[in-house]
Amino acid sequence: MPCGLEDEIFNYSPYGDGTNDVEDIPGLGQYDDFQTIDWQRDLARDRMRHRYLVKRSTDSIFDLIKGGFDASSGWLCVLFVGLAAGTVASVVDIGTTWMTDLKYGICPEAFWLDEEQCCWSSNETTFGANNCSQWLTWPQMLGVESEGAGSYILSYMFYVVWCLLFAGLAGMLVKTLAPYACGGGIPEIKTILSGFIIRGFLGKWTLIIKSIGIMLAVSAALNLGKEGPMVHIAVCIGNILSYMFPKYGRNEAKKREILSAAAAAGVSVAFGAPIGGVLFSLEEVSYYFPMKTLWRSFFCALIAAFVVRSIDPYGNEHSVLFYVEYNKPWMFVELIPFLFLGAVGGLIGTLFIRANIWWTRFKKNSKLGQYPITEVLLVTLATAIVGYPNPYTRMSSTRLIYLMFSQCGIANDDLLCDYNRNFTDVNSAVELAEAGPGVFQAVWLLSLALILKISLTIFTIGIKVPAGIYIPSLCMGAIVGRLVGIAMEQLAYNYPTFWGFSGECSANSDCITPGLYAMVGAAAVLGGITRMTVALVVIMFELTGGVRYIVPLMAAAMASKWVGDAFGKDGIYDAHIAFNDYPFLDNKEEFGHTTLAADVMEPKGAKTLSVLTQDSMTLEAVETILRETTHNGFPVVISRESQFLVGFVLRRDLLLAIGNAKRTQDGITGESLVIFSPTLPTQWVGPPPLKLRRILDLAPITITDQTPMETVIDMFRKLGLRQTLVTHNGRLLGVITKKDVVRHIKQMEDSREFYNLPFP
C-alpha cells in the first residue's frame, strides 16, 4: 500500500469506486457550520480506516503498536475526559463557595478562604452565623456593630453591589468572548448529539468562559444552578480532548460517542451521581448510544466521580451533594401525598415551561433582547432586592435545598425546627410534637420564597449568563415538599389514631419525616420541568444517599410526567429546541399521520430540481449552479432528459475538488467537462476533463414517492440520514432533507392541535 494512504483514508468517501484518480484533498468529507452530519457515511469511513489498520498491523511492530493504540484510544480518551471533568468541576465548586460567601464578609487573615474554611482555625467549638471570630462581615470590616439597623442596611447594600458586580462581569464575559457560553447548553447538546454541527459551541473559549461565568452567576444569587452547565463544560472537554485521537477528532459520528460519555461525566461531577449520569446520557441527551458507549460512559463517570471524591469540594465525608441521615421507613398511606406532590410538580413544570417560552419569545421580538447586559443587571437587581429580606431566599439555593432535606435535631436551630420538644438524650429518636410559632413563621416565609423563586426563575432562565435549571427546580420542589411534609406531620400528631397512622404514630415516634417529602417534591418538580423519569430517580437517591426511598421517588416521578404530558408533551429542553428551530428528531415520539413522501419532497409545483449530469456538464455550468443555489448537495443523473439516478455529491466536497483541480491540474478551464462516470464520452475533443467520480456517493439512500412518511421518519431517526432521494420507476423526482422532515412533523402537529383531531 503506498505511503500516505493512511491520511487519505481519513478523508476518503467510501461510496466511490475505489479509484484514486486525484490526490488527497484536505477537508474532503468534513462539514460546514450548521449542517447535519451523515451518520452512515462517517461510520463507513471508520470501518474502512479500521480495516486498513488491521491489515497493516502484521507488517511491522510499529504498525502493531499503532493498531493497539487505535483500539484503546476510546478508553484513553474517556479516561482523560473523566480526569479533566472532575478537576474542573471541583475548581468550580470551590470557587463558587468562596464567591458566594464573599457577598456577606471576608476572612482578613486569608481572603481566599470561604467562611467555613476560615473558621476551621477558630477556637469556637461550634460553627454558626455569629460564632466565628476569624470571619468578619462587611459591616464589621467598616467598624459597625454586627447588630442593629445600620449593620443590616450595610449588609443589604454590600449584598446587592456584589450581586450586580458578579452578574455584570459574567454577562460581559459571555457577550464579548463566548456567546455560546450562556444558558445551560443541554438543548444544543441534544441537537449536536443528534448529528448537527454548531462550530464554537464546544470550543475552548466556551469552556473557559462557561467555567468562570457559572461561578459568577451562581454567586450573584440568581435563581439558577451550576449543575446543568456542568454537562456543557464536560462535553466541551470531551470535544477538545477528542482531537488528540484522530479516530474521533476527524469523524463526527465517532466523536459523538465521546461526547455522550462526557455528558454522563458532567452529571456525575455535578451531583456526585455516576450511575445517574450514565442514565441521563442514555435517556435525555444521547441520540446514538451503542453498548460500547454505555460501558465507556460508565467508566468516564466513574473516573470523574473518583476525582471529585478525592478533592472533596463539598467539604464532607460523602461524595453526594445533599446527604440525608434519616432512615425511617415510609408508610403506605404516605403514597397519597407522594402522588399529590407528583401531580403538583407536573403542574408547576408545565406552567413554568409555558411562561419561560412566552417570555423568551417576547424578548426576541422586543427591544429588551437587544440589550442583554441591561437585562442581566435588571434581573439581578430585582432578585437581590426582593431576596435579601427573606432568609430563605437570601441563602444560596444549594444551602436551602439541604435545609429542606435536613431532619430536625438538637443541633438544628432553624425556625423550621421550632417544635415543642424536650431533648434529654441526643441519641434518642425525634418524637412527634406540636409545631411552635417558629414553624408557622417559616411556613409563611417559605410560601413567599416559593412564589418569588418560581417568578424570578422564569425571567432568569434565558438571560445571557451561564444558567442551569436543575437546582432552581429542586429548590422549588423541595419547598413544596417540605410544606406538605409539615402538614402531614401535624396531621399525624393531632390524629394519631387515624387508620393510616395507627401503629406507627401512636407512640409519638417520628413516623413522618418532612425532609423525605422535600426530597420527593424536588424530584416531582424537576421531573415536571425536564420530563425525566428513570435517570431522575437514580440521580435523586444518589444525590441524597436515600436508597430506601426509591418507591416514593418513582411514584412522584411518574405522576409528574403523566400530569405534565397531559398539558404538553415537551420538557424544557425540547421546548427550547422547538423554539430555536433546531433540526432535532425525537426518537421517542411516534408519527401517526398518513402523508406520503411525495407530500414532503422538494421541489414542489412548477419548481425544478437542481441536478448535475454524469458526463455532459462543463465546469462553468457546474459553478453557475453552485453560485445560484444554496443546497448542501446535488443528485447526479445520467442526463436531464432521462433523470435516471447515478449518485449524490455534497456541495462542500464539490467545491473542494474543483478548487483543488484548478490548483494542481494544468489546462482546466470553464469549458472542461465535469465527469462523474468511469469513462469519458466518446469522441470528446476539448480541454482536459475534471474527473470527480471519487467524491460521488454511488449508493445514496432512496425511497419512492409513495413511501409513507411514517417509514421515512423512522429511516431518518434510526439510520441518522442527512437526506434521502425520492424516485418513481427509477427516475429522480425530488429530495427530502432532515429539516424537511422536522418541518413536516411540526406542521402536522400544529394542524392537529388547530382542528383538535386525536391521534389515529
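Just so you know, the numbers here start at 1 and follow the chain as drawn.
Backbone N, Cα and C atoms are what each Cβ position is placed from, and that goes for glycine too.
In TrEMBL, annotation is done automatically, which means it is predicted and not curated.
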Which range, 258-282, 283-307, does TrEMBL list as transmembrane segment?
258-282
Per TrEMBL, which of 103-120, 373-390, 391-408 is transmembrane segment?
373-390
Have the transmembrane segment (156-181) and the transmembrane segment (331-353) got at least three CB pairs under 8 Å, pairs 6 or more apart in sequence?
no
Average the per-residue pLDDT over the domain 'CBS' (601-664) and send me the rounded value.
88
Contact between the transmembrane segment (201-222) and the transmembrane segment (331-353) is defined here as three or more C-beta pairs under 8 Å separated by at least 6 residues; is that satisfied?
no
Provide the three-state DSSP residue tally for the domain 'CBS' (692-751): helix first, then strand, then coil.
28 helix, 18 strand, 14 coil
Same-chain Cβ contacts of the transmembrane segment (373-390) under 8 Å, 6 or more residues past its ends?
156, 159-160, 163-164, 167-168, 170-172, 175, 220-223, 363, 445, 448-449, 452, 456, 459-460, 463-465
Count the CB pairs under 8 A between the transmembrane segment (201-222) and each of 73-94, 229-246, 442-462, 469-488, then give me the winner.
229-246
May I ask for the residues of the chain that lie six or more residues beyond the transmembrane segment (73-94) and have a Cβ under 8 Å from a Cβ within it?
211, 214-215, 226, 230, 233-234, 237-238, 241-242, 244-245, 247-248, 257-258, 261-262, 265-266, 268-270, 292, 296-297, 299-308, 311, 313-314
Using DSSP, how many residues in the domain 'CBS' (601-664) fall into helix, strand and coil?
24 helix, 17 strand, 23 coil
State the non-local partners of the transmembrane segment (229-246) in its own chain: residues 6+ outside its ends, Cβ under 8 Å from one of its Cβ atoms.
10, 73-74, 76-78, 80-81, 84-85, 88-89, 92, 184-186, 189, 192, 202-204, 206-207, 210-211, 214, 255, 258-259, 261-263, 265-267, 269-270, 285, 304, 466-468
